[in-house]
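J.: Feature list, courtesy of Swiss-Prot:
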REGION    22-304  region 'Purine nucleoside phosphorylase domain'
DOMAIN    334-563  domain 'NB-ARC'
REPEAT    732-765  repeat 'TPR 1'
REPEAT    774-807  repeat 'TPR 2'
REPEAT    816-849  repeat 'TPR 3'
REPEAT    858-891  repeat 'TPR 4'
REPEAT    900-933  repeat 'TPR 5'
REPEAT    942-975  repeat 'TPR 6'
COMPBIAS  981-990  compositional bias 'Basic residues'
Amino acid sequence: MSNTQDSAVRRPSLAPEEYSVGWICAIPTELTAAMAMLDTLHGPLESQPKDDGNNYTLGSIGGHNVVIACLPRYGTNDAAVAGISMQRTFSNLRFGLMVGIGGGIPSADNDIRLGDIAVSLPSAQAGGVIQHDMGKKEDGGFRRTGFLNGPPTLLLTAIAKLRATRTLGKEIAEIVNEAFAEEDDEEWRFPEKEDDILFEDGNELDGNGAEGEHVVQRKERKSKNPTCFYGNISSGNSVIKSAKERRRLAEEEGVICVEMEAAGLMNFFNCMVIRGICDYADAHKHKKWQQYAAAVAAAYAKILLCIISPQALKPHRIVHFSVPFGQNSKFIGREEHLRQVLTALTPEEFERDCQRVAITGLGGVGKTRIALEAAFRIRDKHPDCSVFWISAVNVSSFDAGFLEICRQFKVPGINEDKADVKSLAKAYLSQETAGRWLLIIDSADDLDMLYKSVKESDGNGSSRSLAEYLPFSRKGSILFTTRNHKAATYQAGSNVVTVEEMIESDSLQLLETSLIEKGKGFIEDDAKKLVRHLTNLPLAIKQAAAFINQNKITISNYLEVYESSALSDQALIELLSIDFEDQGRYRSDQNPIISTWLISFLDIQKSNPLAARYLYIMSCVAQRGIPRCLLPPASKFDEIQAIGTLTAYAFITELEDQNSFDIHRLVQLAARNWLKTRGELFQRSGDALKQVSRIFPFFKHENRNICIAYLPHAQHVLTFQDFPEDSQESLRDLLHNIGEYYYRTGKYREAEEFYWRALELKKLALGEHHPDTIGSMNNLAVVYERHGEYAKAESLQRQTLELMKQVFGEGHPDTLGSMNNLALVYEQQGEYAEAEKLQQQTLELRKQALGEDHPSTLMSMNNLATIYEQQGEYAKAESLQRQTLELKQQTLGEDHPSTLASMNNLALVYEHQGEYAKAETLYQQTLKLRKQVLGESHPDTLQSMNNLAIVYRLQGKYIEAEGLQQQQQSQATLDEGRLSKPARKRRKKK
């Protein structure tokens, strides 16, 4: 063989897109003939798709790059598989050739002999190929169904030229003789004519003998050159051996040849069928003519290619689509986000620039899923646009992504030892010849990694940032996904699409579609509760669905587990830390929602330590309304940077007042768990305690709203219970101030708890004689008195008074305060003489020490007047209460709680003297102001309501009294935790 694979000129490998002709053979004999026709033999492909099972021979004929494949076995199915795989791997193929051997069907019009050539050509009956085993049996006959496509116009016009060539047969013979000129190539040359026997219909060869009297006598040809016939070729999976069937095909279908592969190709592979005749489609089968028949068919194909100008095969640019995940068939919602992304990404948006868009949002919110869906939609809408995906999780994955781009485009030089792959990829994509492309940079969170210059190992010691390798082309677009809003603005300017948690309806749909048993136990109310608990976060919902599927439970069952776990941080963390499989995430990713933010925590700790410190504190206080002043002081610039970092990761949200923040509930839980696993939670909770204690004020009438705003954070941080030694002073101060808040707002039971805790800690740390300890003893005794535990109050107050005398002296304001409080206890127990004596003594000492208009002095005046009233000395009581009220209005203001107490007490004196109209007016004023200042459910407000109702009854206004008492009872029911001191005893009139 003179022009075989062994002797043809060899060339290096070419890229798959450089091949324009596909050549398919059915058997090795046909492959040998095809290879003999190659002008040049090419090297094999550098790589081949894993789903392509073909084995290719590559070369060129007449300037065309040709790819040849041989089927593993006969049949239309194998031909179809081979053709599909070939077209996927070699995307620039313009047409194909099915070249090999077949069975000829001679007729009166077509004197077909062995060694002749049959070429598929459309006719009135068909497009050049029919499928003889595709049809229906009708009325004892057979009706073919279906229609196969014909050859492409380019080949038909070339065939027309060949048919006009008078010397075609001679040229074919010369090519065969030249290709198989070696001495051992005899079987490839023209066989003996006596082996060409055609039997009459119905008298085919039976066994190994021939029936000579039934042989068709044909005129001997003068030349051995093959003759070419054109018409329909019949193809199917069944072998034709019947003369009757052969005659039917010739007469009814115009068939000139039968074979077993072409029907599998015609409807999707633009090809022409060329067959060398090796038998007559009857029982007379032997292999003597197969080599020659294969050779002449291959020679015809070569001549055909040589008359088609290579320039007519204009190559089209190959389009690549390389993403790590399949399309999500259950993609839900996010249409507005996708619209924004797709609108901004198309080059038509601004043709003079490379479009850049960033998708940003909290980890687990679905950014990668949106980018993936965008990739598939762009492929569908713009099939000429290549799509590439790069994971920016680390430098290695970034480099691997650029290497894959180079491999896909067969960029020269990538296999060199010191190849700068990223520069090669950038240079290639930045050229207009690269065509349209979309580059997706996923997880572009680390600004340092992307924008900080690092020394490259390219031999020249240069330093470049990874971002400098991003290509620029007016035909290109880059889509980033990032958890970091700052990174998003770095990468895409104002073209940022912010993704938040799903709307509830989409969350419910995601939950339901993620379940295996979708209808089982799907109670919508429970489902709504669950997605709200999970903050409508897609990753958390997928995790919950995976747990439900794995354990074959219902949503209601999972909800019970979640809500019971929510009573304990650790139990909830364990539930939300259970791993699950997610085909739409990287294998290296942490799938559980509790783990997904760990990389972000580390990034923040590295890039902005102050932001990390803010996060630690926010993780230890209440989730909502975190005041800016709670955060450790820093310069304005540093504070803005730190807050900006946390908002950039969507961990916190700045509220409209710009002075407070909310932290995402699950992020807060994850941050606490992260601190715990690192052994830092104990110290960080102490830091948070210090900050809360620093800002939580000692209660005053003026700062009531501040205390209300800060109380949830104080309560939350105290749930940690154990704190470092350096936080103990802050703990004592905070307990004291919370107790004071509760006391001043009438929540005496709560006040007792916090006063008692503060007292116990102060005893341990400071000792019983320390002023702070004594102060806490006094506070606790006062609370006992307020909710009627007079014996305990008297005992503790006596201890307090003795200690104060020892430590401060008898004239000290704190000692006088204790004397006042003990007098109140005497009064409440009906010991008016002792109360009056002690209160008079206190009042005189306060006047001397503090002055007549000091609030403490006024308090003693009020208390003494009350004792007079309790003993029926109304004139003295009224005079002293009037004096007290006027001084309080001047010094404290008309709406101060102490002023309101004096108003109430003066009205009580009026009532006891029978001056009901004056009492009613003053009670009404007091009640109105107490509602405004203290709130409707404060014990003092309820006391005013009770007093006014009594005055109504005393005046016969029973309807007004009944209505007011119902209001009082409803307010008391709403706040059962409060226990006010009993209403003052009312002295009966004599």
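If you go along the chain as it appears here, the first residue is 1 and each next one adds 1.
Including glycine, each Cβ sits where the backbone N, Cα and C put it.
Could you place these features in context, so I can see how deep they sit and what lies close by?
T.: Looking only at the region 'Purine nucleoside phosphorylase domain' (22-304), the predicted model's pLDDT averages out at 85.
Long-range Cβ contacts of the repeat 'TPR 2' (774-807) within its own chain (Cβ-Cβ under 8 Å, at least 6 residues beyond either end) map to 736, 739-740, 743, 748-749, 751-752, 755-756, 758-759, 762, 768, 814-815, 817-819, 821-822, 824-826, 828-829, 979-982.
Outside the repeat 'TPR 3' (816-849) by six or more residues, the chain places 778, 781-782, 785, 788, 790, 793-794, 797-798, 800-801, 804, 810, 856-857, 859-861, 863-864, 866-868, 870-871, 981, 985 with a CB less than 8 A from a CB of the stretch.
Counting residues of the repeat 'TPR 5' (900-933) by DSSP class, helix then strand then coil, yields 31 helix, 0 strand, 3 coil.
Away from its own ends, the repeat 'TPR 6' (942-975) comes close to residues 904, 907-908, 911, 916-917, 919-920, 923-924, 926-927, 930, 936, 983, 986 of its chain (Cβ-Cβ under 8 Å, at least six residues beyond either end).
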J.: Report, as numbers and ranges, every residue of the chain located at least six residues beyond the repeat 'TPR 4' (858-891) whose Cβ falls under 8 Å of a Cβ in that stretch; write 'none' if there are none.
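T.: Contacts with the repeat 'TPR 4' (858-891): 820, 823-824, 827, 832, 835-836, 839-840, 842-843, 846, 852, 898-899, 901-903, 905-906, 908-910, 912-913, 984-985, 987, 990.
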J.: Looking only at residues six or more beyond either end of the repeat 'TPR 1' (732-765), which have a C-beta under 8 A from one in the stretch?
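T.: Those are 689, 692-693, 696-699, 704, 707, 711, 714-715, 718, 772-773, 776-777, 779-780, 782-784, 786-787, 897, 934-935, 937-940, 977-981, in sequence order.
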J.: Counting by DSSP secondary structure, give me helix, strand and coil numbers for the repeat 'TPR 4' (858-891).
T.: 31 helix, 0 strand, 3 coil
J.: Go through the chain and flag residues at least 6 beyond the ends of the repeat 'TPR 5' (900-933) whose CB is under 8 A from any CB in it; none is fine as an answer.
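T.: Contacts of the repeat 'TPR 5' (900-933) (Cβ under 8 Å, skipping residues fewer than 6 from its ends): 701, 858, 862, 865-866, 869, 872, 874, 877-878, 881-882, 884-885, 888, 894, 940-941, 943-945, 947-948, 950-952, 954-955, 984, 986-987, 989.
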